[in-house]
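Written out below as structure tokens is the structure these notes cover.
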Amino acid sequence: MEHIVIIGNGISGTTLARHIRKLSDKKITIISAESDYFFSRTALMYVYMGHMKFEHTQPYENWFWKKNNIDLVNGFVDKVETDAKKLLLKGGTSISYDKLIIATGSKPNKIGWPGQGLKGVQGLYSKQDLEMLEKNAPNNKVCNRAVIVGGGLIGIEMAEMLRSREIPVTFLVREKSFWNGVLPAGESAMINEHILEHHIDLQLNTNLEKIISDENGRAKAVVTDKGETIECNVVGLTAGVTPNIDFLKDSDIELGKGVKVNRFLETNVKDIFAIGDCAEQHENIGHRRPIEAVWYTGRMMGEALAQTICGQKRAYNPGHWFNSAKFLDIEYQTYGWVFSEQSKKNTEQHFHWRHPQEKVCITVAFDNDSHKFLGINTFGIRMRHEIFDQWLTENKDMDHVMTFLKDANFDPEFYTLYEDEIVAKYNADFNKNISPKKKSWKRIFSIA
Amino acid sequence: MGNFDRSMSLAGEPPKALNTSQKLAVVTGMTGMGILILQLFNLNLGNSALWLSISILAIFAGIIWFSQAAYAHKQKGIKNDGVWFKSISSRGVLAWMAGIALTGFYIVLYFYPEYLGLVKDGDNMGLIALFDPLSKALSGNPASQWFVYGTLYTVAILAFGAKFLWKYRHNKYEQLRTVSVMFFQTAFAFFIPEIMARLNGDLPYYDLKNMWPLNYYNFERYRINGFIDSGSVGMTMLFFGIISIFVISPFLTYKYGKRWYCSWVCGCGGLAETAGDSFRHLSDKSKFAWKVERWVVHSVVVFVTLMTTAVIYSYLGNDTSKYWLTKTMFISGVAIILTAVFAWVMIYKREELEKDAKYGAIGYFTIIAVLLGMHFFSGNGSIFIFKAETLRTTYSFLIGSIFSGVIGTGFYPIFGNRVWCRFGCPMAAILGFQQRLFSKFRITTNGGQCISCGNCSTYCEMGIDVRAYAQKGANIVRSSCVGCGICSAVCPRGVLKLENGPEKGRINSKDILLGNDVDLMDLVNNK
């Protein structure tokens, strides 16, 4: 029986294993040194915040793996011997494979700051990182202040986590406005306000110069490029992630920043594949970057590769881009492409609406000439994935989106709806005369 | 770092101390409780009306002050910070103490009301005497242990309801639903029955929002006689009791799912959602618990059906000239209804049942058929193996008191807040059956947006593994879902939504989640 070995038990590796099991009875082994059982990495923050226990982040009960005949190995892969089709694990054991899938994910970036190796300096990615944070910052007596460096999604999550234990947080963001490389200006500005509302000391336009050590080799302060020294006990480095592939450096597998793969997720070595955060496409797919460290793309690669491994060769062909996140109390969803001012083309135009009091806003991107709908960002409004997916596929224009916007709302019942105000602003901004249609189950369910 | 404790969770033990306002609020609330406890020792404080008012006001003030201190200075949004670190909400020492105290209270309340000061044929003493002025003001009668319990129950729902409203002030669904249970408890369960008793002394106490089989006693002889003797008001109530089972509840459940009752009207649900909200994450989500739940709750339904049939049967006669409803007519009617339901499910809804549910249904149906058949072969009074009265007292003891009260509420801090609703309530089971088989209600999952984080499953008070469905992109049409909407509220990615939509396509499942551009038909055909 063919032996499929997967390194990494994150969402990509686990999805792959589950789908292979659905489609075949191949022998499957998953190797991980991080945790015995699959857990949802994105939920680690809720463990620290006390919303959930670690076991709640595990989507399957422990008996699931044995019942589905998926072998789990707790181990760290030191070396891949591609000729012998063998893995060497730390401690000396070896495992041979017929097909190998690398799904080892990412590790936090360390950019080379002086003092980044000190105690109390850490990223937040793995289960071990969370355990370390628990030791470094159990409460505001042990940790009087934390400084977080890097203005992205992990940074703001880490700030929220520390604030839940009333630890003072200074948040150093290199950009002029939070995440403005990704978000359009209005949205980024709203998140800036919300960060301050949560009593997080947000310092924009500020870089880390160095981290200062105390006599025991622990971080005791940081110095910024503005010459300010901030005393702190914990420094969170959250300036992005890189593929976790150091163990492949001496192998025959072609590496770039990540493991180089083609559209079939094959590496240059036969029978070896890579999926998830650590896979790097030779060429961008549409507007997507060659490496996408996103939960959903990891899952999708797992789904696609399972088909290939089980005999129906299928390219990884992601559909319309979507993503979501939560900034403290504000939920964010995006469908299609909305680029920030920094990266958008001249032909991309934005329609922005923001609620006068609440932290609610949307931005819709469209083509300047054809008025073709390109994408939407929503903050504080939930939208129905299927509807936008369909509209993008059918190349609908802005007028259509505005007319049927009510169909797309996914907020809980009785929530205040803003479509009328949104469309009114759209009419005013673009000199239109659109009246939004009432929500129709018939239309919604012809899609969903 | 000394307080790094792996037993509680991966993340040890962060600050869990109360702030000063919260401490003062606890003192205030406990003072109110203290007055009640002092009364237990028959300490006569004098002016009952005054001390009762002080006590209830102090409890109210304490809880509301506590909520204000907990949530007012925070941004609106989900704030479950530290839930698993607090002793009371993580099965710690405080939780066990609270559980034992509550259970003890229920045991005394149900079985030893004399310790609360209930005096037969005389003036009440102690705790119950404290409530006499209020009871007399409402119904004209002295208080009973049930009046004391009803008052405290209503206070709990109102005060913790206010806490709930504060905590979920960003969520209109949660707010409306909570205002609704607060209203139904105060008006329908508390004031209206008391006032009706004052207006018409012979009318049985009737909480109109309770329906059979939750109020399994509704068709007992003394109640039926009470209804009939009270003329048109009584007859209307009796009629209402019957159509609420056969017409009102199936209709509303078809339109909105069982939540219209369990999360908007029911008093048990009301207490679970308000006072029990701090314990919702304690429910067991394992597959084993789900299996136990299915067997137990459906057995309770069978038992209550048998019991009610037996009770009504026991007081009907055989003589067609005296009674329009005779034993034979009644028993045949029950048999016809049960057969019709069974046949309908097995013919039209077969695919929607799990295999063990089918075996269970067939098994139970056979038992009922056999027992009904015995009617025609045996003498009067004991159509079933047991006497009707034995069945009734057994049910009333095991289910009515031990399960719904002592375990259902007493064990909130250990097993979560919906133990009774989930494992014991026959009403919830019947509504759930309707919800599963014919209803517009479902929880929709949003395309491919789930990150399997587990907040939904953790906070599901009914122990449904919501995430298991969400990460498959499958709608959730479980019969146990009470539609509290918390899964949707705690979801950080906006994946879940409670919906009453078209019945077609309500139960779906996807091979590949939205996001991957695959031709699904191609995929399915190639299998």
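In case you wondered, yes, glycine gets a Cβ from its N, Cα and C as well.
TrEMBL labels come from automatic prediction, so no person has curated them.
Quantities reported herein were computed from a predicted structural model and do not represent experimental measurements.
Per TrEMBL, the features are as follows:
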- B:24-43: transmembrane segment (TRANSMEM)
- B:49-72: transmembrane segment (TRANSMEM)
- B:93-112: transmembrane segment (TRANSMEM)
- B:146-166: transmembrane segment (TRANSMEM)
- B:178-197: transmembrane segment (TRANSMEM)
- B:233-254: transmembrane segment (TRANSMEM)
- B:295-316: transmembrane segment (TRANSMEM)
- B:328-347: transmembrane segment (TRANSMEM)
- B:359-377: transmembrane segment (TRANSMEM)
- B:397-415: transmembrane segment (TRANSMEM)
- B:441-469: domain '4Fe-4S ferredoxin-type' (DOMAIN)
- B:472-501: domain '4Fe-4S ferredoxin-type' (DOMAIN)
Name the range, of those listed as B:24-43, B:295-316, B:359-377, B:397-415, that has the largest tally of Cβ pairs under 8 Å with the transmembrane segment (B:93-112).
B:397-415
Give the mean pLDDT for the domain '4Fe-4S ferredoxin-type' (B:441-469) on the 0 to 100 scale.
96
For the transmembrane segment (B:295-316), what are the same-chain contacts with Cβ under 8 Å, counting residues 6+ beyond its ends?
212-213, 216, 219-221, 224, 323, 325-327, 330-331, 334, 338, 357, 360, 364, 367-368, 371-372, 375, 381, 383-384, 386-389, 391-392, 395, 399, 403, 422-426, 428-430, 432, 480
So which residues does the transmembrane segment (B:146-166) touch in its own chain, when a touch means Cβ under 8 Å and the partner is 6 or more beyond its ends?
56, 59-60, 63-64, 66-68, 70-72, 109, 116, 127-128, 131, 134-135, 174-175, 178-179, 181-182, 185-186, 189-190, 267, 270-271, 273-275, 277
Other than its close neighbours in sequence, what residues sit by the transmembrane segment (B:24-43), given a CB gap under 8 Å and a spacing of at least six beyond its ends?
18, 51, 54-63, 65-66, 68-69, 115-117, 125-127, 129-130
Quick check on the domain '4Fe-4S ferredoxin-type' (B:441-469): DSSP residue counts for helix, strand, coil, in that order please.
9 helix, 5 strand, 15 coil
